[in-house]
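This report refers to the structure that appears directly beneath it.
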Amino acid sequence: MNSTKRRAFMTTVYAKDYDYPVESGRYQLVISQSCPFAQRTDIVRSLLGLEEVIGKSVTSPIKTDKIWDFSNQSGNKDAVLEVEYLSELYHNTDPDYDGPYSVPALVDLTSKKVVNQESLDIIKDFASRFKDLGTSQVEDLYPEDLREKIDQCFDWVGTDLIGAPTKAHQANDQADYEHYADQFFDRLREIDQVLADQDYLVGDHLTLADVVLYTPLVRFDTTYYTAFQVNKYRLSDFPSLWSHLQKLHQIPAFQQSTNFQAIKEGTYLGKNGRDSFGKEVLPQGPVLDMWEVK
């Protein structure tokens, strides 16, 4: 994903102080269930009880040459947004924009334009400006006194838990592969040590840091261990971390947003399958009974 182009696009859409108004019923959140970045926003929307405030549209989990489409919906079109492709909404915003057409995307229904496409900005915005519109009594997910520490977690999740295994998968020589695989597992070891002494990643209750930790690691068995061959250890080899992930998975907002079949399809089929493996073949496994809700 070209983050430079994405950020350049966002400078034409909204100021960093979020200049789009907070209104119930005005916005639609577009996600793919195969995308860990989009899943962050889906979880936070649910945790805060914003389901009746912000609508949700779900694309096909399989990337095509046009990236994200609504071929999973009746008539191949989203009923609320009235588009076949996510790119149409980006072009409504900027006719000259040529991608990436990424999820998540927060869309203003009054204009059918994208007002935010950065997952971290969206979850911080939901947890601050939009939270009072929600029905949930969940504790503050982004408390001001912990924001610096939470933001630091965002940084290493991006580099070590998402970037490193992806680079290991893309590596063309043994040394690079081992470097990035070790980077990933070294970080898991550090997290495991932290969670051996406290119940949550930051502070004494659930925060956005835990949400952002969960979404890449819930893909470990279907993607990292198998497709990316980052497989020196299993999550269960980090007992405190594994216990924490299982605890999070019991929470409805986390469990209901996790679609393992969609994750597999997004990894192995469509454009991702062709680009990564030169084929589109969906594995039968792995067995995922360790993630079953108790």
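Along the chain as shown, the residues are counted starting at 1.
Each Cβ is built from the backbone N, Cα and C atoms, and glycine gets one as well.
Pulled from TrEMBL, these are the features on record:
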| type | residues | note |
| --- | --- | --- |
| ACT_SITE | Cys35 | active site, nucleophile |
| BINDING | Trp68, Glu118, Ser119 | glutathione binding site |
| DOMAIN | 143-287 | domain 'GST C-terminal' |
| SITE | Tyr224 | site 'Lowers pKa of active site Cys' |
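A map of TrEMBL features onto the structure.
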residue	record	CB count, 10 Å
Cys35	active site, nucleophile	24
Trp68	glutathione binding site	26
Glu118	glutathione binding site	22
Ser119	glutathione binding site	25
Tyr224	site 'Lowers pKa of active site Cys'	25
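Each residue in Cys35, Phe37, Ala38, Thr41, Ser102, Val103, Pro104, Ala105, Gln117, Ile122 lies on the same chain as Trp68, Glu118, Ser119 and has a C-beta within 8 Å of the C-beta centroid of that glutathione site, without being one of the site residues. The distance from the Cα of Ser119 (glutathione binding site) to the Cα of the residue listed as 'active site, nucleophile' comes to 11 Å. Among the residues the record lists as binding glutathione, namely Trp68, Glu118, Ser119, the two farthest apart have Cα atoms separated by 16 Å. Distance from the CA of Tyr224 (site 'Lowers pKa of active site Cys') to the CA of Trp68 (glutathione binding site) is 22 Å.
With DSSP classes pooled into helix, strand and coil, the tally for the domain 'GST C-terminal' (143-287) is 99 helix, 0 strand, 46 coil.
Straight-line distance linking the Cα atoms of Cys35 (active site, nucleophile) and Glu118 (glutathione binding site), rounded to a whole number, equals 13 Å.
The two recorded residues Glu118 (glutathione binding site) and Tyr224 (site 'Lowers pKa of active site Cys') have their Cα atoms spaced 23 Å from each other.
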